[in-house]
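**Q** According to TrEMBL, the active site, tele-phosphohistidine intermediate annotation covers 456. Sequence annotations record features per position, and here TrEMBL assigns active site, proton donor to 877. Look at TrEMBL and you will find 562, 618, 790, 811, 812, 813, 814 tagged as substrate binding site. What TrEMBL lists as Mg(2+) binding site is 790, 814. As annotated by TrEMBL, domain 'Pyruvate phosphate dikinase AMP/ATP-binding' applies to 18-293. Residues annotated as domain 'PEP-utilising enzyme mobile' in TrEMBL: 423-504. Annotated domain 'PEP-utilising enzyme C-terminal' per TrEMBL: 521-916, in sequence order.
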Ligand code: PEP
Ligand code: MG
């Protein structure tokens, strides 16, 4: 018996998206829950894969027979006949894979029309215009998709007839115009393919099924899957949906539209969408005619509007998710053609999550799991400064929020080239098509002069979280000339514009933007996340400003303060340099005293900002030569200064001769010339001497492998006074806070530790300083002493280190470097991209924690550390600490906290809740995968 490849809508398993594709599964599910769906069936993705695997691209055995049987059932149910010259059945042939890939694969409509069935359709509907309109659409779409005839070949004829008839919009064309166009189109196909257009309806169907299967391997689809990281286990092959055609273009009691059950831009609980009376679905999506917002239907077709509202409620109640649906009204009957989870931007996702909980549709756990943590990044997108008062150049529809500036570019290929070379570009088009997708990826934002909020440009941009202004009809785009004209203004390729996808405004030039603030809904959602998560989320923050930002993002403390960053400020660096260059202990102590005072102030301010939450101060880590210029810079400086000295001497000689000739020019007693007196010369000489001194220090400090060199705790052995200074500053700051009644929770952390002896060495300074400061201030300090675990040996000796260390923090940047022997400075620019491209590594280990290697070391260290010190506090502060997948692992090995850069804190908070929920058996729904793709 042959394998089953075809499923009627009444029998297919609505949950099996892998087999039936998202669209097919939903058509089955909608049919089975009693929604009014046109009759039809699905050919499985298995059939697609079998077909593609066959070298001769033959349809799998038995498939066509199954298709014939299903067509017979549809014929029976609809009372129509496929290829029948009395009551013809027309079908659509639609692609649909397990993951939504809007517009990336092919679809054919009105299939079943030919020279025999067309008159019957006309007779049946009594509408000749409608018949020829359907026919010409079918010939063009079939010609393009199934036979590879370029659109332009059809468009020339279409435009010529329109021009001759003096009509602007397609609706102005008469039946005889469309009849003529159909004839011309049939000729185009014959000319291009060398064969007449196929009139056999089953031949049409077979060719179309193959074309849809082939589109899975088309360039657009492949590019899309690569960009959105859609792997075969997420979607493998496309299904083909064969659905009885219903017509939205049979007259004024017909319409077609697309809708969202809630507003996908804002999340507002109002039906959102657009429709066109007397039109076919492709007109709405392709942006060929500008549609009307759905609330207009309330006045224009009130009964249909109320049926749509009922449909919206039924869809949400069943799917417990915002739906993006397509519908057609044929002579007063509403058909739902498709539904899928609506793609939304982050703001809408968050708002709908919170509101659906309040409405009792879903619970908090489901609400949290709906939102992909990475998606929150979108909420950090810049928007135009609120107080900007600039007249927009043009206005369109606010199709995807966020503001972006860039150079205008009028085609996707140019956008890709410029975008890749690092230019900021805005893709400006009349309307976009799926084949423009590569241009989207490369652009900061998208601007179109035609189409609505559900046009291709809008949907794709929203999915990508890129700003988009659509349907800015005041702009006329000329792709040939590479210009866009807006009234008096002509935008040329390369001109800078700014678009605001939140308002639909388009501006000339680059406007300043500002960070958005957290919405109340996001605060609520993240507070639910905090209630559920076991991991605490800390921030890596080094300055009081960064600490303030971290608090705003909800950080529960500072998990890593890299104290060296405090020395890099321009007003501090000279003291650090003086300290390094000091020849005598007195000189060094003088410089250190200045640094201590500054650090004390910084620490105090960090402690106060974060109080009562913990602040982990890490003692100096980088090699100290990093505070000095490079050898090359110093050599160049010295060369330049010597040249200056020569020039000064030359001018001095010149002025000196001048003095001989012109005795009135005064000279100084040493016979040098006044304008270039001793002081001027001394400054240059002094500068040269200082640079030479630095140069010799730089040469002395030179290391072949600085990342494996004289850094971290090793500095405490060679320059103990630096760590002493820092310890003193931390403890003095703590003492001052205690005196001021501020509740502080200080942790002192040592970097690069690999032996217990190193920790004991630092601990001696810690104890001595503590005693001194406690005695001086007559109080008790209360801090924790701990270590970074970022050296492989430290992992192996974690049980011993825990004798001295009260906490561990995994420095997974260095630990990854050490585990792979990949330089963290170079690997990412050199070979790592190729490693991931060639699948040698599944991801960049400096971004996503390498669970199998680095993670294994971490797991062992946690076990050994806690064997020595039960309940020991352990966290991570490497970059991977802000990455959701890594956070799940950190939860799994029972770390207490993750620490990441402040803007990643909200993402980490949500990811920490996800980690707990998925561990407890909650399943991350397809919604999450879909949005994260
Ligand atoms: C680390 O190594 O992971 C770490 C946090 O320290 P740094 O990046 O400062 O070396
Ligand atoms: Mg480190």
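Note: Cβ is positioned from N, Cα and C throughout, glycine not excepted.
Structural setting of the listed features?
**A** Cβ neighbour count for residue 456 (active site, tele-phosphohistidine intermediate): 24 (other Cβ atoms within 10 Å of its Cβ, all protein chains included).
Counting every protein chain shown, the Cβ of residue 877 (active site, proton donor) has 28 other Cβ atoms within 10 Å.
Counting only same-chain residues at least 6 apart in sequence, those with a Cβ under 8 Å from the Cβ of residue 813 (substrate binding site) are 790, 824, 846, 878, 879.
According to its DSSP assignment, residue 790 (substrate binding site) is coil. A simple way to gauge crowding: the CB of residue 790 (substrate binding site) has 25 other CB atoms within 10 angstroms, across all the protein chains here.
With helix defined as DSSP H, G or I and strand as E or B, the domain 'PEP-utilising enzyme mobile' (423-504) counts 18 helix, 28 strand, 36 coil.
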**Q** How about the domain 'PEP-utilising enzyme mobile' (423-504) and the domain 'Pyruvate phosphate dikinase AMP/ATP-binding' (18-293): do they have 3 or more C-beta pairs under 8 A, pairs 6 or more apart in sequence?
**A** yes
**Q** What span in Å does the substrate site cover, taken as the longest CA to CA distance among 562, 618, 790, 811, 812, 813, 814?
**A** 15
**Q** C-alpha of residue 456 (active site, tele-phosphohistidine intermediate) to C-alpha of residue 814 (substrate binding site): distance in Å?
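**A** Counting only the Cα atoms, the answer is 45 Å.
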**Q** Measuring Cα to Cα, how many angstrom lie between residue 618 (substrate binding site) and residue 877 (active site, proton donor)?
**A** 11
**Q** Quick one: which of the recorded positions (456, 618, 812) have their CB closer than 6 Å to ligand 1?
**A** 812
**Q** Let's check the environment of residue 811 (substrate binding site): how many other CB atoms sit within 10 Å of its CB?
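**A** Summing over all protein chains shown, residue 811 (substrate binding site) has 28 other Cβ atoms within 10 Å.
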**Q** Could you list the residues of the same chain, at least six apart in sequence, whose Cβ is under 8 A from the Cβ of residue 562 (substrate binding site)?
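**A** When sequence neighbours closer than 6 are ignored, residue 562 (substrate binding site) has 540, 542, 618, 621 within Cβ distance under 8 Å.
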**Q** Consider only the recorded positions 456, 562, 618, 812, 877: which of them have a Cβ under 6 Å from an atom of ligand 2? Write none if no residue does.
**A** none
**Q** Validating a neighbour-count step here. Other CB atoms within 10 A of the CB of residue 618 (substrate binding site): how many?
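**A** Summing over all protein chains shown, residue 618 (substrate binding site) has 26 other Cβ atoms within 10 Å.
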**Q** How many whole Å apart are the CA atoms of residue 811 (substrate binding site) and residue 877 (active site, proton donor)?
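**A** So the alpha carbons of residue 811 (substrate binding site) and residue 877 (active site, proton donor) sit roughly 6 Å from each other.
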**Q** Sequence gap of 6 or more, C-beta under 8 Å: which same-chain residues meet both conditions with respect to residue 814 (substrate binding site)?
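**A** Within the chain, residue 814 (substrate binding site) has Cβ neighbours under 8 Å at 707, 752, 788, 790, 791, 824, 878.
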